[in-house]
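Structure, as structure tokens:
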There are 2 protein chains.
Amino acid sequence: MSITLGQYIFERMNQLHVKTIFGVPGDFNLLLLDYISKVPGMRWAGNANELNAAYAADGYSRVTRLGCIVTTFGVGELSALNGIAGAYAEQVGLVHIAGVPATSSQNNRLLLHHTLGNGDFTVYRKIKMSAHLLNVNVMLKDITTAPSEIDRCIREAYIHQRPVYIGLPTNLVDIEVPRSLLDTEIDLTLPETNAAAEEEVVSRVLDLIKGADNPIIIVDACCARHGCRGEAQKLIELTQFPTFTTPMGKGAVNESHPRFGGVYLGDLSSPDVKEFVNNKADLIISLGAVLSDFNTGAFTHRFSTNDLIEVHSDYTKIRNATYERIQMKHVLNTLLGKIGSAIKDYKPVELHFPSLKQKIPSASGTGKVSQEYLWKAVAKFFREDDIVITETGTSSFGIVQSKFPNETLGISQVLWGSIGYTVGATLGALMAAEESKKPSRRVILFIGDGSLQLTVQEISTMCKWNLKPYLFVLNNNGYTIERLIHGEKASYNDVQPWKHLKLLDLFNAQDYENITVNTDKELDELFTDQKFAKNDKIRMIELHLEEMDAPISLIEQANKTSQTNAS
Amino acid sequence: MSITLGQYIFERMNQLHVKTIFGVPGDFNLLLLDYISKVPGMRWAGNANELNAAYAADGYSRVTRLGCIVTTFGVGELSALNGIAGAYAEQVGLVHIAGVPATSSQNNRLLLHHTLGNGDFTVYRKIKMSAHLLNVNVMLKDITTAPSEIDRCIREAYIHQRPVYIGLPTNLVDIEVPRSLLDTEIDLTLPETNAAAEEEVVSRVLDLIKGADNPIIIVDACCARHGCRGEAQKLIELTQFPTFTTPMGKGAVNESHPRFGGVYLGDLSSPDVKEFVNNKADLIISLGAVLSDFNTGAFTHRFSTNDLIEVHSDYTKIRNATYERIQMKHVLNTLLGKIGSAIKDYKPVELHFPSLKQKIPSASGTGKVSQEYLWKAVAKFFREDDIVITETGTSSFGIVQSKFPNETLGISQVLWGSIGYTVGATLGALMAAEESKKPSRRVILFIGDGSLQLTVQEISTMCKWNLKPYLFVLNNNGYTIERLIHGEKASYNDVQPWKHLKLLDLFNAQDYENITVNTDKELDELFTDQKFAKNDKIRMIELHLEEMDAPISLIEQANKTSQTNAS
């Protein structure tokens, strides 16, 4: 008939299919952790540190739409903060629960450990509020309102795809609340749309489409993040407009579709894509765009405001007019219902995108592995349902050149760009993939030797759970992305060389494989090896690459970044 | 005749004997990093991640009184934040320099990577300001005032022993300022003392001493942190008052002095110490006290306000009266000059502290290593000038039982208690010890297998610099301190078992030794082995301990913590 508040919070997460809770134990959250195992099918990941846990919850959420991290007060929540900020910047739904001292300790301003020594227990909430890193943050104090406050936080995280914070004092964890509260599901309906504005938006969009000769669609990250991948796909099917994506949007659209044209990133796009988007298109329907430096070829996107419709998660912009309170999902569905008449005179142009048709090269069999070869050849290895995770650096820039099969999920932190992120995110994606009941769903990480060092211990958590990722370590002797920006020979861009292939043994992996790749022939054999293709063990693949070899888009981006920094 | 602003900042650090700069490169700080190597004798540590770098700068500062960390904007500074907060809580002087985007990018609110995507570049400063984690924080904008702003920040960090933040836009780094500015040293004089108040303080202190039969001195952490170790020692010599320290104060006083009585931590003190402080002493002169839970046996210190003089870094409290603007160093020196007359009738009592005289036990030769045995036996191994670093957990509680030789520096984060701290701090202490031109100065770390996992990669940086610490890993299968508080058998207190003795090889250590200790006899032999005593290589010593074995003070503390959390 009743249930503890501690269990209540996890039952709520469970109702939204969050089955793994990430975090690190600490004395202010231990009572709470007891309740994770009380929820059938739920597990405590037990991360190696809090920043990694936040990254993992972020990676998990990108697969499932919601993630959860539990930390202790003070030390734990501050360690996680960079990961929480990344979830804010990149629009990822996350619930951060911090176990905090008992309300009596807070009221008496006790000089507890994990405090700043000044009796102020509110600094952590202030940190996050003032930074606008959270949509909601609450410190629970009153058991009668606690369940509804929890529900409100979870709702906000889910529908806005942003992090929220719940401070849970130790003395409230074991207090009981009515179990019947769980019978009413958390309301996840989107905020109400401004109907009059939506009508105007749809009408203007239809008019612009009617007047256009070469309309195109660009699907970007926030379209997928706000659950509109399906609506975007239907729009492409109905209209047959040529479609593009962006570095952040990789995986948000079916790249095998005949009307897919490639990845647009301003002047750093391949010449055929650049020519089409910049010069041929006379109307751009942009879905969920994030116009950040690394997503636009250093702001070289050439959209004319006159030709632009920007559909964002909760507003739409047409030419210079902004329409507030327009929900992306809602407006797209309305548009899908009415678009037929607008496109009846549209004659699909024949598309020629040589960059997409490039034959995957065969290895010459003598040469070293080049970045150019790697990112083209890896397309042979990818298959439907893969989750492909690329670290900021040569990997996140290189993957733009790799064609994804349909239903491939790309994960990369293109805007926030916190190096080391992907090791945690890989753990999170692995847990989510395992729970999706598709054991064949593969999680494939590409990370450089420099970034790996920041968060390496989270591979241990993968070993603990007997997960089976592909961990490609691109060993190019340090921070190549930094060398390209500044300090090619500077020792600050070196890292201590590690014996990477000893990591899995160190972390006590039970069933693992280590592979070294020195030549393009070896790489080619690997990517076509059927045994390797089966994700039946954890694998570390160390690729030896030249120090200054990089995808051409990164080289150009680095030049531009270097100029901006000096100006 | 002129010098770039980038070099200016490091020349200023160098004038204060800061020779190692900690941090991680990022594109917004690369230009700045070029200038480290322009300052003779200065080096860039090149940490594995930013949190570790902050811990390292903190450890360095505890040896030298000032530390410096350079991070990039956004991601880097947020990752470091928990380490910065720890320096605030524990009063450690730290200069945090963040390389931030060019002023023009900030003014144009560009959607750069490492931003939250909302054009607001000030959130990081707000984060730190609102949290009161910093004494000063500035965002440099104007080259004409930049040098004096830098000087002001460094001064604040040094004299208040707190972290400060300097945001340095990329476009200002290469701009030149007059080199002659360096000719005037940064003013490090303490803020002016309230002379009238100080006179009253000294007079009242002298009166209280005259009226006391059994005055005692307790030397705590902030006494050492604010550079008053020498004054405290003189006070003990002149007065011959019985002297105690606290867990946080370990190493702040000469424990070999005949008037040293032991470590006071309320009801968790050894019986003889507890009896003396609680019942015999009729006046307590407390120097630099931090009355936090873990430093006072969970608030069981029995000081009567009537018998208490608290000398803090910038104020003094006598009974119920607080005197503001009294500098500890100044007031102690004034007191030292006048105390002769007050103590002329004081007859030093004979001291009996059996707990101090306990013979270091010999190994029975058959048993496993117990925590009780370890922390007594290790005193055989310690020698003058050692830096002994203990991680929060069984180590920080156990070390209280170990007698230190004179001039031993103890480092532990007793108030902030962020697990994993000590790996970074050990690196920082090693760099500082190396620069002190005493190659025999040893740095000895004690850390549990659980805490090690949070920050393990910083051992790689020790290998890179060919440093020679003793790394004692107390392997007791997980978070023993948490098991004692709650969840003895809970899986959330387990950690993935690692093969610790493979770490040094993985990190490419050049000259190293791995040692496993299973029995008290093996431990005893190690602690008396002359070859082992010489710090001529990096050593990892894995001690196998029972899961629930812990120092008695920790067991009692855990009980009390558990009660407080539930209340």
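Glycine is no exception: its Cβ is also placed from the backbone N, Cα and C atoms.
According to TrEMBL, the domain 'Thiamine pyrophosphate enzyme N-terminal TPP-binding' annotation covers B:4-114.
Following the DSSP three-state reduction, the secondary structure of B:Asp27 (pyruvate 1 binding site) is coil. As annotated by TrEMBL, pyruvate 1 binding site applies to B:Asp27, B:His114, B:Glu482.
Mapped onto three states, the DSSP output places B:Tyr158 (pyruvate 2 binding site) in helix. Annotation source TrEMBL lists pyruvate 2 binding site at B:Tyr158.
Here TrEMBL flags B:202-326 as domain 'Thiamine pyrophosphate enzyme central'.
Marked as domain 'Thiamine pyrophosphate enzyme TPP-binding' by TrEMBL: B:404-530.
B:Gly478 (Mg(2+) binding site) carries neither a helix nor a strand DSSP state and counts as coil. Just so you know, the Cβ of B:Gly478 (Mg(2+) binding site) picks up 22 other Cβ atoms within 10 Å once every protein chain is counted. The Mg(2+) binding site feature in TrEMBL is assigned to B:Asp449, B:Asn476, B:Gly478.
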* Structure fact -> A Cβ under 8 Å from chain A is found, among the binding-site residues B:His114, B:Tyr158, B:Asp449, B:Asn476, B:Gly478, for B:His114
* Asked: Which three-state DSSP class does B:His114 (pyruvate 1 binding site) fall into?
  -> coil
* Distance check against B:Tyr158 (pyruvate 2 binding site) for the binding-site residues B:Asn476, B:Gly478, B:Glu482, keeping those with Cα within 10 Å -> none
* DSSP-assigned states of the domain 'Thiamine pyrophosphate enzyme TPP-binding' (B:404-530) in counts, ordered helix, strand, coil -> 54 helix, 22 strand, 51 coil
* Measuring Cα to Cα, how many angstrom lie between B:Gly478 (Mg(2+) binding site) and B:His114 (pyruvate 1 binding site)? -> 35
* What are the non-local neighbours of B:His114 (pyruvate 1 binding site), defined as same-chain residues 6+ apart in sequence with CB under 8 A from its CB? -> B:Gly26, B:Phe28, B:Thr72, B:Phe73, B:Gly74, B:Val75, B:Gly76
* Asked: Rounded to an integer, what is the Cα-Cα distance in Å between B:Glu482 (pyruvate 1 binding site) and B:Asn476 (Mg(2+) binding site)?
  -> 12
* Would you list the DSSP helix, strand and coil counts for the residues of the domain 'Thiamine pyrophosphate enzyme central' (B:202-326)? -> 42 helix, 31 strand, 52 coil
* Could you please provide the mean pLDDT value for the domain 'Thiamine pyrophosphate enzyme N-terminal TPP-binding' (B:4-114)? => 95
* Asked: Given the Mg(2+) site residues B:Asp449, B:Asn476, B:Gly478, which other residues of that chain have a Cβ within 8 Å of the mean position of their Cβ atoms, reported in sequence order?
  -> B:Gly448, B:Gly450, B:Leu474, B:Asn475, B:Asn477, B:Tyr479, B:Thr480, B:Val495, B:Leu545, B:Glu547
* Would you mind reading off the Cα separation of B:Asn476 (Mg(2+) binding site) from B:Asp27 (pyruvate 1 binding site), to the nearest angstrom? => 41
